Every structure is written in structure tokens, then in C-alpha cells.
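So Swiss-Prot lists these for the protein:
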type: DOMAIN; residues: 22-196; note: domain 'EngB-type G'
type: BINDING; residues: 30-37, 57-61, 75-78, 142-145, 175-177; note: GTP binding site
type: BINDING; residues: SER37, THR59; note: Mg(2+) binding site
Amino acid sequence: MKIKNPRFVISAYDFDDFPTHNWPEFAFSGRSNVGKSSLINTLVNRRKLARTSSRPGRTQSINFFNIDDRFYLVDLPGYGFANVPRKVKEEWGRLIEGYLNNRPNLAGIVQIVDARHKPTRDDLMMVDWIKASGIPCLIAATKVDKISRGSRKKQEELIKKTLVLEDFDGQFTFFSAKTGEGKKQVGKFILDLVDSFKG
């Protein structure tokens with residue numbers, strides 16, 4: 001995927017902040033500190049387009065990125081972070097739910113899980129919602145460079161079994177921001193949907 005001009009557009013803290021346009025959008029969803037921002041940066045070949053942090057819960061808004069005036073990447077706040085006040089969690093939940101349920105040009109979702117661990121209950125709830133919505137989805141298991149080659153098949157089976165993916169026509173790929181593995185697969189998932197999008 002060749003990208004010439006990726007640019008940050010806005011950090012949306014409320015529905016009124018969402019940008020108005022007719023391009024397809026691709027949401028990146030996952031729990032806190034799973035590597036959403038790093039995946040976006042790798043995808044667009046920019047180290048600091050999406051802000052990354054070792055501190056979970058850093059992304060507190062929905063961040064919109066315009067890619068070559070062709071489509072948008074949307075970085076959703078991470079879920080499942082314990083050390084956040086309940087009221088803040090509820091606001092994040094309201095914002096995320098409002099975006100996912102009411103964004104007519106949402107063309108696809110990249111659901112991110114950690115390749116090293118069994119998906120959480122929150123991951124399963126999110127995937128169940130995606131299944132019910134019918135929105136095209138790619139499951140990206142990040143940080144695959146941190147597990148051995150020999151354990152990959154076992155981890156893939158664990159992820160697919162936990163998320164009940166056998167009855168789901170979504171795609172799956174391992175991903176590493178460090179090595180670039182999976183970048184081509186994520187890019188193809190997005191571009192195929194851009195080409196078929198009718199807003």
C-alpha cells in the first residue's frame with residue numbers, strides 16, 4: 001500500500017467533533033496498550049502520526065487520520081484498562097458505541113489482539129458485536145515478534161477458538177510493528193474495501 005500524504009485531522013471527544021466527509025473509514029479497535037497506534041504508524045510509514053505510549057489508556061479520544069484524500073484511519077480508545085475512573089470509562093464507551101453504531105461510512109474494522117495472550121472477555125464482546133453488525137473485519141494479532149515460530153500455530157488456534165472465529169468470515173493475520181510482518185495483509189484488507197466502497 002503506497003501512501004503519500006497521511007495526516008492527522010482531529011481528536012474527537014464528542015460526536016459533534018467527528019469530521020464530515022464521504023470517504024470510507026477504517027476503525028482500529030482493541031484493548032489498551034495492544035499496539036493500535038503502532039500498527040497505524042507502520043501501515044502509513046510514519047513513526048509518529050498516531051501517538052504511542054507505554055502507558056495504557058493514553059488514547060482518550062477517537063483520532064481521525066486522512067490518508068491521501070482517499071480514506072480515513074480511525075484510532076479508537078483502548079478498552080479494558082482497569083486504572084481509569086468509572087465515569088471516564090463510561091464516556092469512552094458512549095463515544096466508541098456512538099461511533100460504531102452511527103457512522104455510515106465505516107467500511108471496515110481492524111480488531112487488534114495480543115498474539116502472546118488469550119483474548120479477553122472484552123475482546124470477545126467486541127468481536128461478537130462486529131459479527132452481528134456485518135461490517136467487514138480483519139483480526140490482527142500484534143507483537144508476534146515476541147513469540148517463537150514454534151508457538152505461532154498454537155496461539156493462532158487459541159485466538160480463533162476463544163473468539164469463535166469458525167463461524168465468522170472475517171480475516172486473520174499476525175502483525176509486528178517491529179518487523180513489518182502483516183503490513184501487506186492489513187493494507188490489502190483496507191484497499192480492497194476502498195475499491196468496493198459506495199458511500
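Cβ coordinates come from backbone N, Cα and C, glycine included.
For each feature listed, report its degree of burial, its nearest neighbours and the pertinent distances within the displayed model.
Under the three-state DSSP scheme, SER37 (Mg(2+) binding site) falls in the helix class.
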Fewest other C-beta atoms within 10 angstroms of its own C-beta: which of the binding-site residues ASN33, SER37, SER61 fits that?
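Fewest other Cβ atoms within 10 Å, among the binding-site residues ASN33, SER37, SER61, is found for SER61.
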